[in-house]
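Engineer: The following block contains the structure, expressed as C-alpha cells.
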Amino acid sequence: MGFADFFKTFTRERAKEGESPSHWIKCPSCSALMYYKEVIAQHHVCPKCNFHMRIALEDRIEMLCDEGTLIEHDASLEPTDPLTFVDKKSYKKRIEEGKQKTGRASSVLSGECRINGVSTQIVLFNFAFMGGSLGSVEGEKIVRAVNRALEKHQGLVILSTSGGARMQESTYSLMQMAKTSAALARLSQAKLPFISLLTDPTMGGVSASFAFLGDIIIAEPGAMVGFAGARVIKQTIGADLPEGFQTAEFLLEHGLIDMITPRKEMKKTLGDLLRFFNPYDENPCLLHL
C-alpha cells in the first residue's frame, strides 16, 4: 500500500459517518494537523503552538455572550452608494456580495448582551464582510451603541477586526473616525467603561480612531495591529522594521495596550472588568444620586 492509499484509509477510518478528510485542519503557523472538532472546542486556537486563527462572527458571539442573551439592534441599517463608486467592481456589487457571503447587511453587529452575567452594549466587526471595513453604517451603529450605553448606564465592548476605513465611501468613511471618537468622549464623561478588544487584523482608520480610545485595550495573542502595512512603512522610511513590529506582543512591550488575553480567558476577563469599572452594575441606587 502506497502512502497516499494509507492516508486515505487512515482518514476514512478516523472520520465518522458524513465526515471527510477535509475536516482535518492544518495550523497556519506550525502546520500541525488537527481534527476540526478539536479546533472548535479550543475556540480556533492551535493546541500545539497557541496560534489564534481568525474566526467567524457567529463563533465570536458564542465565545463572548452568555447563551441566549444577545439582542441585536439596528440590523436593518444598510450601506448606500452615494458616490456611485466603481473600482474593479461597483460598490453596490461588493455590498451584495458581502450580504450573500455573510447573510448580513454590514460589517458590524451591534446589540446588548450579558458577558459573564454583566449587561453590556457590544459591537462586533465581521471581517468576512468587505474586510470588516468601516463605513457610514458601521459608524452609525457604533454611535447608537454608545447612546444606548449612556441611556442604560452600561459599559461598551467593541471587538475590532478590520482593514480600516472603507475606500468606496471616501470622505464619508473617514468622517466615521471623528464621529465615533466624539461619541466615545461622551461615554468617558459619563464614567462608563469602554473596553476595546483588538483581534487580527486591526488596521487603518479603525486603529487610528476608536480602537485605541478604550479605557482598557485588550488584544488577542499574535494579533496584527497598526495603521499602514509593514511593507508600505518600510518602503516609506527606507529602513528595516523591528522584529515583531505591529504584533500585539510588540504593542504591549511598548505600552500601547493594557493586556494580551488568550481567547479561552476572554469572556471571564471582560466580565470581571465590566463589573469592576461600572459602579452602576452592582449599585443601581447610584443612578439616583
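Here the Cβ of each residue, glycine as well, is placed from N, Cα and C on the backbone.
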Engineer: If you check Swiss-Prot, which stretch out of 27-49, 211-233 is marked zinc finger?
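Structural biologist: When 27-49, 211-233 are checked in Swiss-Prot, zinc finger belongs to 27-49.
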Engineer: Near C46 (Zn(2+) binding site), which residues of its chain come within a Cβ-Cβ distance under 8 Å, counting only those 6 or more away in sequence?
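Structural biologist: Within the chain, C46 (Zn(2+) binding site) has Cβ neighbours under 8 Å at C27, S29, C30, A32, M34, V39, M53.
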Engineer: Can you work out the mean pLDDT of the predicted model over the zinc finger (27-49)?
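Structural biologist: Averaged over the zinc finger (27-49), per-residue pLDDT gives 91.
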Engineer: Which residues, sitting 6 or more apart from C49 (Zn(2+) binding site) on the same chain, put a CB under 8 Å from its CB?
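Structural biologist: Looking at Cβ-Cβ distances below 8 Å from C49 (Zn(2+) binding site), excluding near sequence neighbours, one finds C27, S29, C30, A32.
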Engineer: For C30 (Zn(2+) binding site), just count the other CB atoms lying within 10 A of its CB, please.
Structural biologist: 11
Engineer: Taking the recorded Zn(2+) site as C27, C30, C46, C49, identify the other residues of that chain whose CB atom sits within 8 Å of the mean position of the site's CB atoms, giving them in sequence order.
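Structural biologist: Going along the sequence, the neighbours appear as P28, S29, S31, A32, P47, K48, N50, F51.
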